[in-house]
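Read the structure below first, then the notes.
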Amino acid sequence: MSQPKKRKLESGGGGEGGEGTEEEDGAEREAALERPRRTKRERDQLYYECYSDVSVHEEMIADRVRTDAYRLGILRNWAALRGKTVLDVGAGTGILSIFCAQAGARRVYAVEASAIWQQAREVVRFNGLEDRVHVLPGPVETVELPEQVDAIVSEWMGYGLLHESMLSSVLHARTKWLKEGGLLLPASAELFIAPISDQMLEWRLGFWSQVKQHYGVDMSCLEGFATRCLMGHSEIVVQGLSGEDVLARPQRFAQLELSRAGLEQELEAGVGGRFRCSCYGSAPMHGFAIWFQVTFPGGESEKPLVLSTSPFHPATHWKQALLYLNEPVQVEQDTDVSGEITLLPSRDNPRRLRVLLRYKVGDQEEKTKDFAMED
């Protein structure tokens, strides 16, 4: 089960974001603090309910880059899966579990916490695999399996990789149910960052200066207002870019090995790192884009398979996560861009992604900005 791509998480309480300099931001935070915070059980229930709708699963399976990568990543590991047991964490409609059965798995435990488990069971039965794929309703943290498993498969990645914190469920399953030396599909993840010039945003910011030539009314005075509205917020914007929007060589700032002990604690404390790059040429810099890739082991004779959400690769439903500066900054060839980025769970809702960004562009003073995924 992946994140509800077109749905919003409920935060149920005060949140982070921004630099705290605008009066309206302060008023909004005060109002948020007055709202009662939801309990973990309530947050989880709302999260699971998002997956009871067919649209979420349609979007995920229709993403050919995603679904083909999982199918190939599983089938290429047929030698490790043949005659073995597999746990599918967050099985959704069951397609990954069926891929595992097609690869020769003896038994697949498809664990799904949302009501869509009923449709998963129907799909399994419709494909004649009910003797090998067992759909188990409930969160993986509470479901009991009859045995340890040889492999775990899961599509746990959210926007910006870590939105919705599903990786923690996979790690719980790894610790409790995976045999020593067992297979994880995918096995690792990497995070990247790069400065960007958003062409669509640039057009929108300049729109108000173009009104006069069309209608004879000068509205260029609204450019500053448009900039505050479109860039001055603290939301992580999920949007697809092209390679042309990237202003410098992407920098990897984090790598997660899912087999690594202690990864759960790292996620709670925050995943991140430093970065430094030089701009290719002259352009308005609007912010940063972050994206990820995950890697599947190659099997006995194949190279590892990489599923990338880079703007230089075919588009996926994950797109990229954009972090806008408060206003554009003009950069030139070889302008130095550096900083530090940390991804961590929000305080009010651990499933909601928060990003802390410290950055410096050229000779400008260092700045910081606190972002959060939209509720």
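For all residues, glycine too, the Cβ spot is worked out from N, Cα and C.
Annotated features, as they stand in Swiss-Prot:
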type: REGION; residues: 1-38; note: region 'Disordered'
type: MOD_RES; residues: THR21; note: phosphothreonine
type: COMPBIAS; residues: 28-38; note: compositional bias 'Basic and acidic residues'
type: MOD_RES; residues: ARG29; note: asymmetric dimethylarginine
type: MOD_RES; residues: ARG35; note: asymmetric dimethylarginine
type: MOD_RES; residues: ARG37; note: asymmetric dimethylarginine
type: DOMAIN; residues: 44-374; note: domain 'SAM-dependent MTase PRMT-type'
type: BINDING; residues: HIS57, ARG66, GLY90, GLU112, GLU141; note: S-adenosyl-L-methionine binding site
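Sequence features annotated in Swiss-Prot and their locations in the structure.
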| residue | record | DSSP (3 states) |
| --- | --- | --- |
| HIS57 | S-adenosyl-L-methionine binding site | helix |
| ARG66 | S-adenosyl-L-methionine binding site | helix |
| GLY90 | S-adenosyl-L-methionine binding site | coil |
| GLU112 | S-adenosyl-L-methionine binding site | strand |
| GLU141 | S-adenosyl-L-methionine binding site | coil |
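With all protein chains in the displayed structure included, the most crowded Cβ environment within 10 Å among the binding-site residues GLU112, GLU141 is that of GLU112. Spanning the listed S-adenosyl-L-methionine site, residues HIS57, ARG66, GLY90, GLU112, GLU141 have a farthest Cα to Cα distance of 26 Å. Long-range neighbours of ARG66 (S-adenosyl-L-methionine binding site) (same chain, six or more residues apart, CB within less than 8 Å of its CB): MET60, GLU155, LEU307, THR316, HIS317, TRP318. Of all Cβ atoms in the protein chains displayed, 21 besides its own lie within 10 Å of the Cβ of HIS57 (S-adenosyl-L-methionine binding site).
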